[in-house]
Amino acid sequence: MRYLTAGESHGPGLTVIIEGAPAGLAIDISQINAELKKRQSGYGRGRRMQIESDQVEVRSGIRHGVTTGAPITFWIENKDHTHWKHVMQAEPIESDIEVKRRVSRPRPGHADLVGGMKYDHRDLRDVLERSSARETAARVAVGAFCKQLLQQVGVSLFSYVKVIGGERAESRTFDSLQEAQAVVDASPVRTLDEAAALRMMRRIDEAKANGDSIGGIVCTEVHGVVPGLGSYVQYDRKLDAKIAQAVMSVNAFKGVEFGEGFEMAYRPGSEVMDPIAYGDNGYTRLSNHLGGFEGGMTTGMPILCSAVMKPIPTLYKPLQSVDIDTKEAFLAQIERSDSCAVPAASLVVEAVIAFEIAKEMCETFGHDTMERIKHRVDEYREELRVW
């Protein structure tokens, strides 16, 4: 299973094609739209989110609410394109018409300068339109689709914000994932700690007032995963490596860890390895310091993945840059942006992880029909229970 996205930030819209999804999977489009709505929310978002009201339009691969096995195409309209039709038109522009909103002053921290150098774009808008995080709306749609597939085999995902602007949320325990999800969905910054949420929002307000931006750390948990997804036999088959690559592909993410991650540098092996036990349901671990992976394979414990997002590079008090036309020093271009997108980014990270897990399930148990996948997963769970 794989997917491709296409589209620019201020173009007509975003297209995503999912290939290799099983036939016979019932899909609720309203659930996909609900995930897209969550992505647009969160304290610190900019004015763009007041313009867009993202919803998917299915253009292939789903008939009467069920996948057919053919490539699935989603379309998400960019409502803001109305204001950018001339700037983003596909047709050649007449020579006597000035190109509007041309970008010649790259923003530090963005793809602008290096992208222009690589593809020889003298108008850096050709870079920033595609490198924009607007593309993540398409990936959230893919992830929402994959979450419905995973639900059919007993796998669920949950994401939340741990840190914003240096303010850290305290850990909490809940009786169920549903209870924890309700708390996160009710939080303006998608965190489990209400007191920390207030401090995080103050940090966001301070950054906005100063024309600055702040980043943070997001966490994703995956529950119900069977042991043995991924493989130790080749470097590129390790599932934790695939997830790490997927997370690092999300705009502005600069680091990823599983379980206690970098904290393990300060602890002896006796405190970070997870003891093995055997019971009525087969093998288990007495702890989960390693975050659900050993040797690049799932252990059956929840996957625990944390990732750090840098502050958004677009600043309303821009840093020094250089005009690529004149080579003179100027302040960087200002584009409409968020002060903090960490809450929304937690949903994007969850989405890309959902895709990697769903892809691995299909590669392990087949991807022709959903019923066959479910049957094979049930057989595998029973096999491992008595192994």
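Glycine is treated like the rest: Cβ placed from N, Cα and C.
Positions annotated as NADP(+) binding site by Swiss-Prot, on the basis of sequence analysis: ARG39, ARG45. Within its own chain, ARG39 (NADP(+) binding site) has ASP54, THR136, ALA137, VAL140, ALA344, LEU347, VAL348 as residues 6 or more apart in sequence whose C-beta sits under 8 angstroms from its own. Secondary structure at ARG39 (NADP(+) binding site), taken from DSSP and collapsed to helix, strand or coil, is helix.
According to Swiss-Prot, the FMN binding site annotation covers ARG130, SER131, SER132, ASN251, ALA252, GLY295, LYS310, PRO311, ILE312, PRO313, THR314, ARG336. Secondary structure from DSSP puts ARG130 (FMN binding site) in a helix.
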Please identify which of ALA252, ILE312 has the densest Cβ environment, defined as other Cβ atoms within 10 Å, among these binding-site residues.
ILE312
